[in-house]
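Quick look at what Swiss-Prot lists:
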DISULFID  C13-C115  disulfide bond
MOTIF     81-97  motif 'Involved in PIP2 interaction'
MOD_RES   T111  phosphothreonine
Amino acid sequence: MSWQAYVDEHLMCEIEGHHLASAAILGHDGTVWAQSADFPQFKPEEITGIMKDFDEPGHLAPTGMFVAAAKYMVIQGEPGVVIRGKKGAGGITIKKTGQALVVGIYDEPMTPGQCDMVVGRLGDYLLEQGL
């Protein structure tokens, strides 16, 4: 299965009648492996900050997390594994695997829990595959 198919079929799938606003699978260096049509382009320094927060949980909390210059308030995640952010009525979940970052961005009516479930399920599968 191609990386694009993972995004299209597993991240952009319908959950209780709702979809993520956008999603992607990125390398740890920010290289895009696959993305949905509306996925924002991360800046290199944003990826650097996200990777540092995985290594040093709490690093982004004082300043917030920036994604394509949009600021997200960092909310409780799983240290070293999942970073969650909130912005208005939406948010973001990023799950780190051995080689990738699985990213889901949502807006209402999708809930943070639904986004976490979609991103977490694919992230767990990639971890099981050694990726």
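These residue numbers are counts, starting from 1, taken along the chain as shown.
Every residue gets a Cβ built from N, Cα and C, even glycine.
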The motif 'Involved in PIP2 interaction' (81-97): DSSP-derived helix, strand, coil residue counts:
0 helix, 13 strand, 4 coil
Could you state the whole-number distance in Å separating the C-alpha atoms of the residue listed as 'phosphothreonine' and C13 (disulfide bond)?
14
DSSP on C13 (disulfide bond), three-state: which is it?
coil
